[in-house]
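Asks: Pasting a structure here, questions to come.
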Ligand code: F6P
């Protein structure tokens, strides 16, 4: 393989830039040319493709977002769009593609691989919801952003003796809510993987107040319901003075943490190795701190599982 391409797709995640850097540098190290596809699969269809040099990825390791930009592309969901993409890749002499993104991006990579164009998926999403890897690129940075917000909200919550509902991202997964809630000392964490009992929550908050707690922090994963909806239910059940914070897209930005930079560097470089070894239709991941790769179909067919032990621990520690 002498020419490969790299693109980022779907919701951006801090750490995508270090992953791109790793792909480019690792490929050039092995005398393979690299082409950047700008704007995800939309850019692939329209041929927004440029050669990347060593210097093209200089000074990006610490930057959030993605220098290749990203998009959610409806057209690429059908075979016609995918064929247009393959034509563009072949017209540039590109023989393999690294796709950095979440499950939607993996679906595109799998379709290309099935049509004979080798692709390797690199898990880049703040949601941490890709099966086959214990951690996705961007998750750690997003967690730290959320924890920073929780700490700040805690200050004002204590001053005013208020209950705060903080809505976090994660699409259908509760990982951000769970990890950030545990690390931020939240009283209650609501995740889509587990049902909640409003009477039990109300009772816990009341008994906390009776013991002299000055505030309550409740983390709601967006996959459960909106923070405003939960606050409405809570006020109905308790008449506590409640405020809501929806953290939104700040969770997707910011300089990647050291952990994300290292993870992105390792996964990006491994993806290039696989293409050089002639292995397409794969996804890379990390398990017990070791790099792994597996059939990309597994990443899409298997169900992401959240660490329920961590959920139970958070309940025990927030009594
Ligand atoms: O997948 C990442 C994510 O940030 C989810 O947590 C969230 O539900 C979604 O993307 C938001 O998507 P958009 O970029 O379209 O607002």
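Cβ atoms here come from the backbone N, Cα and C positions, even for glycine.
Curation plays no part in TrEMBL annotations; they are all automatic predictions.
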Asks: In TrEMBL, the residues 21, 22, 23, 24, 25, 185, 186, 187, 211, 213, 214, 215 are said to bind ADP. Which of 154, 232, 243 is said to bind at that same site?
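Replies: Record source TrEMBL; matching candidate: 154.
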Asks: Hey, TrEMBL has ATP bound by 72, 73, 102, 103, 104, 105. Any idea which of 11, 15, 170 it lists too?
Replies: 11
Asks: Along the domain 'Phosphofructokinase' (3-275), what average pLDDT does this model show?
Replies: 97
Asks: Using C-alpha atoms only, work out the spacing between residue 185 (ADP binding site) and residue 102 (ATP binding site) and round it to an integer in Å.
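Replies: Taking the Cα atoms only, residue 185 (ADP binding site) lies 28 Å from residue 102 (ATP binding site).
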Asks: Can you go through the binding-site residues 21, 125, 171 and pick out those with a C-beta less than 6 angstroms from ligand 1?
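Replies: Near the molecule: 125, 171.
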Asks: Which residues in the same chain, at least 6 apart in sequence, have a Cβ under 8 Å from the Cβ of residue 105 (ATP binding site)?
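Replies: Residues satisfying the criterion: 8, 9, 10, 40, 41, 99, 121, 124.
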Asks: What's the CA-CA gap between residue 21 (ADP binding site) and residue 252 (substrate binding site) in angstrom, rounded?
Replies: 19
Asks: What does DSSP say about residue 171 (substrate binding site): helix, strand or coil?
Replies: coil
Asks: Compared by Cα position, which of the binding-site residues 104, 243, 252 is the closest one to residue 213 (ADP binding site)?
Replies: 243
